[in-house]
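Novice: Provided herewith is a single structure, encoded as structure tokens, for subsequent inquiry.
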Amino acid sequence: MEKHLLTIDNLKVNFKTYGGEVQAVRGVSFHVDKGETLAIVGESGCGKSVTAQAIMGLIPNPPGRIVDGKIVFEGSDITHLTKKEWMQIRGSKIGMVFQDPMTALNPTMKVGTQIVEGFIRNHQVTREEAQKRAIEMLRLVGIPDPEKRVDQYPHQFSGGMRQRVVIAIALACQPQLVIADEPTTALDVTIQAQILDLLRRLQEEQELSVVIITHDLGVVSEIAHRMVVMYAGIVVETGTVEDVFAAPRHPYTWGLMRSLPRIDGEEKQRLVPIDGTPPDLFNPPKGCPFAARCDYAMEICNQQMPEISTFEPGHQAACWLHDPRAPRIEELVAAGRQGE
Amino acid sequence: MSHYLVKRVLMMLLTLWIIVTLTFSLMHAIPGDPFASESDQLPEQILANLRAKYNLDEPLPVQYVLYLKNLVMLDLGPSIKSDTRGVNDMIADGFSASATLGAQAIVIAIFFGITFGIIAALNRNKWLDYAAMAIAVLGIAIPSFIMAPLLINFFAIKFPIFPVATWGTWMHTVLPSLALAFGPLAIITRYMRASMIEVMNQNYIRTAEAKGVPTLALVVKHGIRNAILPVVTFLGPLIASLITGTFVVEKIFAVPGIGKYFVDGIFNRDYPVILGTTIFYSSILIVTIFLIDLAYTLIDPRIKLTNKEG
Amino acid sequence: MAMEQRIDPLFRPLSKQSEAHDISMRPSLTNVQQVVRKLVKNKLAMLGLAIILLLVVMAIIGPHLVPYSASDQSLLTKNKPVSAEHWFGTDDLGRDMFARTWAGARISLTIGVVAALIDLIIGVTVGGIAGYMAGRGKRGERIDTIIMRVIEVLYGLPYLLVVILLMVVMEPGMLTIIIALSATGWTGMARLVRGQILQLKNQEFILASQVLGAKFSRILFKHLIPNTIGVIIVNLTFTIPSAIFAESFLSFLGLGVQAPDASWGTMTNDAMGVILTGDWWRLFFPGLMISLTMFAFNVFGDGLQDALDPRLRE
């Protein structure tokens, strides 16, 4: 029955704040299989990072809590585990790579120690064996001269190197799943390419499953097999990267694709941003959250959450435009233009 | 590294020299001579002898050089009011009591200050936090010369647990050490709390949590280790206030320490004593600050490297 | 736009929407308003402010609230405890403690505030010059370095020791105490101001205004100073209690204001002799006042610091 490595089923996460309760994640569902890379794409505040934290049980409580839904990993329900149970999973079954390499490492601890800290905890090893493992990991992530580097401190590494160390830490206990939260956002483009190469290589060699969170479609196309597009706490489109890039089915995805410069495009392109701002998640709209910014919005979009339509196997989108009762797109576009 | 060391040592000597010169000038800036109060009691000849003994009849620059000469040989000179003991004797006399008092106070302040600070930080906005902060506020608001009588009143008179004053057994040292430690303890608590809170919010704590590090190790190995660094830099000024605190505490509790001699020297306008003890205290302070700074460069791995390269 | 089929009304297209569900546009407050709002929310800080104001008011009107003066002696009323006639009791010369406490308040508070203000003036000037000069050519660098060296050395001297020494030399009195307190006390402020100016100078908005052609004086007044004022004020709220503490400390060593003037410090000192015999009110009231002052200024200063911290802005 459980053929997926990780299943998220209708996850809902709320945060209590001074201004009220924020519904950060409002019914998100997707799955990840063994050996594949899934990208979660969306803009800031869409709930992708919170989803990632939820998978690891890292939602700070207070103020946050999972109010509904299930997370199933390797067949077991990990939605509400105790701290002790989490320690069995974190590091050894699921690893996490964080966004900012400059602050993700303990400045007063040697890099080698940080890498094998979890490893030592889970296995009985001698100091030498642990050291050997740390050196191995450094070598694995492509850090030159690992024997010397293993005893150095984070400030002696550059940004790209530090991110490699962070990846080494995530992989040290050979987890089945690695969640990478914007791993390349803080890095230069050239370093970014190196890190993505590394992730891809590691995934193939170690048969890892990777969930990569990003707002950058370029990263998605580089490294992901499947993708999930999130907006304002819900999933608006899911599918393989090829399917979605070839034929996106949600207006938000259209907007994302349109705002990218294309290398094969015409000479004079205009970058078309998506007008407007995301909705207020204290009081989310009862209909589709994208309706306010959507060029093709209809009455029903404000009234009800769209139902999910399936296109190719695995390719789904949540949009009223695909309901048989909706007028065809060209007519909507014409209607929209009338208002201009 | 050695370049840095040499620079620091030179600065130390310079500061010390300035203190000596400053104090010397101040002491001799007062018109008249220290024996003025006794001029009607003693015959002129004896007064003249006294003045000669203390080199007071020499011109000022000469007195200065003589003083410096003696200083280099660690001779702080005789006291004016006391015939039997020189300043060196007084310091030697009072040293053990003052040192014990100071050491105990530092240990209390550091140990409890850091502990309360950590407890407060980890239990933010709960009652433990408020309790620790309340203690801190009391310690900062209530000066030692008020805390001391309070402690005496409660713990020596109302509930006669400890002896009221003087020095002797370990029990005698408790109240004075507490009175002295309270202020620094309060400051350390606040500092440590703030530092700990800031550290626990850092991203590397998230990283450690995500790899399954248990809470205790998280707090100790990742939290405290980083939080303690800024507090160490603060120890220097703290020692300074501790030293000035000893004057008060030693006086109130009748502790036979150097502070007693210092305070008496002030009352009696016994200038060599004032001068000598000031230099003594300042030296200790400056050397201690230097050692603390040195220790800091050894603890913080980020500083080590800069020194190696620089 | 004629349609052949009838469209379900729910599926009728909408024109571009209004921003009904957009993140509410909160009116943005000016910096000062934000800071004040934050400060007011901090109940502890407000308590501190209230205490400060209360103390100041009482210092002004306190002595007038009772029929005695601070220096009327009367052997008949020696050492009387707290009573209806003497709200704070009397001291060993029969003087009313209530009147004395508030007369002492005037002296202690005045010394504290004046010394702190002098620290501020000297410190801001020196620190400002140093900060301004740094980076304005070789001559400027040298001036800055000299000033910094001087500050470093002065900073290395134990503050209270220097104050004590100065007082030993000068005749104790309100003026000399103030001089002694501010002689080296300004170094803290100078360092802060210089540091702040250096930090601000390097920030990009200064560069931006220079690029846009603003004169340095304009930059100074419109940008550097408003940003530094916060730091200055916070430092002020901490130097005042430090000065009051130092003054009480001096009095305790006999180097404070002389009789018949009495500050809280001298009153505490006078009371030392009787702490064992139980005339608790002699020590309690001046001690309480000193502690309250320290507490109030510290807590208010903390609140001010938190309110000004840009990282905590909402």
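Every residue gets a Cβ built from N, Cα and C, even glycine.
Values in this document were obtained by computation on a predicted structure and should not be read as measured data.
TrEMBL lists these features:
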type	residues	note
DOMAIN	C:105-301	domain 'ABC transmembrane type-1'
TRANSMEM	C:44-66	transmembrane segment
TRANSMEM	C:107-134	transmembrane segment
TRANSMEM	C:146-168	transmembrane segment
TRANSMEM	C:174-193	transmembrane segment
TRANSMEM	C:224-246	transmembrane segment
TRANSMEM	C:280-301	transmembrane segment
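How buried are these features, and what lies next to them?
Specialist: Outside the transmembrane segment (C:44-66), and at least 6 residues removed from its termini, the chain residues within Cβ reach (under 8 Å) are 87, 96, 98-99, 101-103, 105-106, 109, 289, 292-293, 295-304, 306-307.
Within the same chain, residues 55-56, 59, 140-141, 143-144, 147-148, 151, 174, 177-178, 181-182, 185-198, 201, 220, 232, 235-236, 239-244, 247-248, 257, 261-265, 289-290, 293 sit at least 6 positions outside the transmembrane segment (C:107-134) and bring their C-beta atoms closer than 8 Å to a C-beta of that stretch.
If one looks beyond the transmembrane segment (C:174-193) by at least 6 residues along the same chain, the residues whose Cβ comes under 8 Å of a Cβ in the stretch are 107, 110-111, 114-116, 118-120, 122-124, 126-128, 130-131, 147, 151, 154-155, 157, 159, 162-163, 166-167, 228, 231-232, 235, 239, 242-243, 246-247, 250, 256-257, 261.
Sequence-distant contacts of the transmembrane segment (C:280-301) (same chain, at least 6 residues past either end, Cβ-Cβ under 8 Å): 44-45, 47-49, 51-52, 55, 81-82, 88-89, 91-92, 97, 101, 104-105, 108-109, 112, 234, 237-238, 240-241, 244-245, 248, 264-265, 267-268, 270-272, 274.
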